[in-house]
Amino acid sequence: MKWVVSILLIFLLNSTESRTMHSNAYGIASALDSFQCSPEMNLVDLATIFFAQFVQEATYKEVSKMVKDVLTVTEKSTGSEQPTGCSENRLSAFLEEICHEEEIPEKYGLSGCCSQNEEERHNCLLARKKDSPASIPPFQVPEPVTSCKAYEENREMFLNRYLYEIARRHPFLYSSTALYLASHYDKIISACCKSENAVECFQSKAATITKELRETSLLNQHVCAVIRNFGPRTLQAITVTTLSQRYSKANFTEIQKLVLDVAHAHEECCRGNVEECVQDGEKLISYVCSQEDILSSSIVECCKLPTVELAQCIIHAENDDKPEGLSPNLNRLLGERDFNQFSSKEKDLFMARFTYEYSRRHTKLAVPVILRVAKGYQEFLEKCSQSENPLECQDKGEEELQKYIQEGQALAKRSCGLFQKLGDYYLQNAFLVAYTKKAPQLTPPELIALTRKMATAAATCCQLSEDKQLACGEQVAGLIIGQLCIRHEESPINPGVGQCCTSSYANRRPCFSSLVVDETYVPPPFSDDKFIFHKDLCQAQGVALQTMKQQFLINLVKQKPQITEEQLEAVIADFSGLLEKCCQGQGQEVCFSEEGPQLISKTRAALGV
């Protein structure tokens, strides 16, 4: 699945150094150091993506004007000797264009950002990005007649408008990904406009690209949040893990080099440096293909594809198998050395080497699980250093680390057991009760959306073979929890959620699993308005009826977060009885008005609220 294999996109180092310093600081040659601008780069499209993502509410006309103005200025400043599309760094010029005329900053509330210096201005504008803002309606694919006419009249403008529409709704989407999706959209429009049934063609194919856009955008947003909140050390561990699993036959030095380069590329993408994001991506893909013999045989076929398909093929390639001949455990990786005698830098390098060795031996494990193993191993080594016989203690490390895998396996088994027993809807309700207790400050729609994702993940992962369920579940849970943490970052939920989100990336999921009830939450005074029942409960069907029932469940738990399972079952049984009684007769509204208050009185007495 995409979210599993595309976790390759999470990488290292919050660095703003030039490429030369990026290379020299680590003593490792970089594939990105030779800056050669691509004459084929479409700067109009890239600038459109930039302005649409940084000024999301700007109209297409306003964005087009900014694009025209800034490219006129930058083309003059670069001179005529350089090929079209060649500039060391247009990012500053793009940022200046947003602020240099008063109309845009004043109209869209950017004056505060624009009053700051260059770096602070950039960070301020980045912080204003909002994924799928409420003020912008969801993108709808235009009906075929209109689309095909516009496409035939001016294909370039049609696709540029598409880039504007998706970029403003998905401000964290990498520019390289946006261009890929636009090329995909181009093929869909071209094919469907020639189809006998254009409407059906548009509906089916547009649904596919919309799903891909949504998933990729969420993944890119997750990566940028990791870079923003956890910094170099955590990201280094994630990167080493991912690349060591992907290219398990590659040596440690090659992995280190690739980590640094990919890190720099992702940093630039997250900063909104649309031009460098694309160029770095192209150079990385070229480098990986030039090293296919060293890295992996699995990318050989990918490297024969055209550029656009090539990148997607490499990103979505499966992890290599564990190399033959590796020692079964890593107990003696330290040899006769005492971990606590290492300097801080030596400890970091050793842990990177341990993570590399462990990951290439466990290519099927989820990245978060290996991160917990590495974190636990470092704590174990530090503990051994305090013992009477450190070397003897260190030899028991492999056995000590099994508990992290076993904890995850037990949770996966328990979750899939519940899914098999309850099915999607009732499993979602179980998640709903649990997360309403953990985060009662979330609104009912937020809780329903969050737990629906969890239930969908269970439905997907639990269909896999048992050996794949853990990795699947951990990866999806990491992304879902990541979205919850982004929500907390924008508007704090409660201290417990904040602690889980910020204390340790590796331990996020176990932290949320162990979180039970928000002890700081004070239930609001009981309100009858939240528990008034009407005949629409009898008329609703499918998802609409399920949502009504779930809202009742949420309001109930919010009123009494300490509600026991037995109390909950009793109230649900009474509620089901009410529906059965009132929905069978003719006077449904009268029945609810008479029986509903009695149910609520009984419930309040039983719960003491």
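Glycine is no exception: its Cβ is also placed from the backbone N, Cα and C atoms.
Between ASN14, ASN251, Swiss-Prot assigns N-linked glycosylation site to ASN251; no such entry appears for the others, which is not proof they lack it. Of the listed residues CYS86, CYS113, CYS114, CYS114 is the one Swiss-Prot pairs with CYS99, by disulfide bond. Of the listed residues CYS270, CYS302, CYS303, CYS303 is the one Swiss-Prot pairs with CYS289, by disulfide bond. Looking at the candidates CYS582, CYS583, Swiss-Prot gives CYS582 as the cysteine bonded to CYS591 by a disulfide. Among the recorded positions CYS114, CYS277, SER344, CYS393, CYS416, the ones whose Cα sits within 10 Å of the Cα of CYS270 (disulfide bond) are CYS277. Rounded to a whole number, the C-alpha distance linking SER115 (phosphoserine) with ASN251 (N-linked glycosylation site) is 49 angstrom. Among the disulfide-bonded residues listed (CYS113, CYS124, CYS313, CYS462, CYS582), CYS462 has its Cα nearest to the Cα of CYS384 (disulfide bond). CYS384 (disulfide bond) is surrounded by 22 other CB atoms, counting those within 10 A of its CB over all protein chains shown.
With every protein chain in view, the residue among the disulfide-bonded residues CYS124, CYS582, CYS591 whose Cβ has the most Cβ partners within 10 Å turns out to be CYS582. A sphere of 10 angstroms centred on the C-beta of CYS148 (disulfide bond) encloses 19 other C-beta atoms. The closest partner of SER344 (phosphoserine) among the disulfide-bonded residues, by CA position, is CYS511; the full candidate set was CYS192, CYS313, CYS511, CYS583, CYS591.
Calculated from their C-alpha atoms, the gap between CYS500 (disulfide bond) and CYS224 (disulfide bond) amounts to 18 Å.
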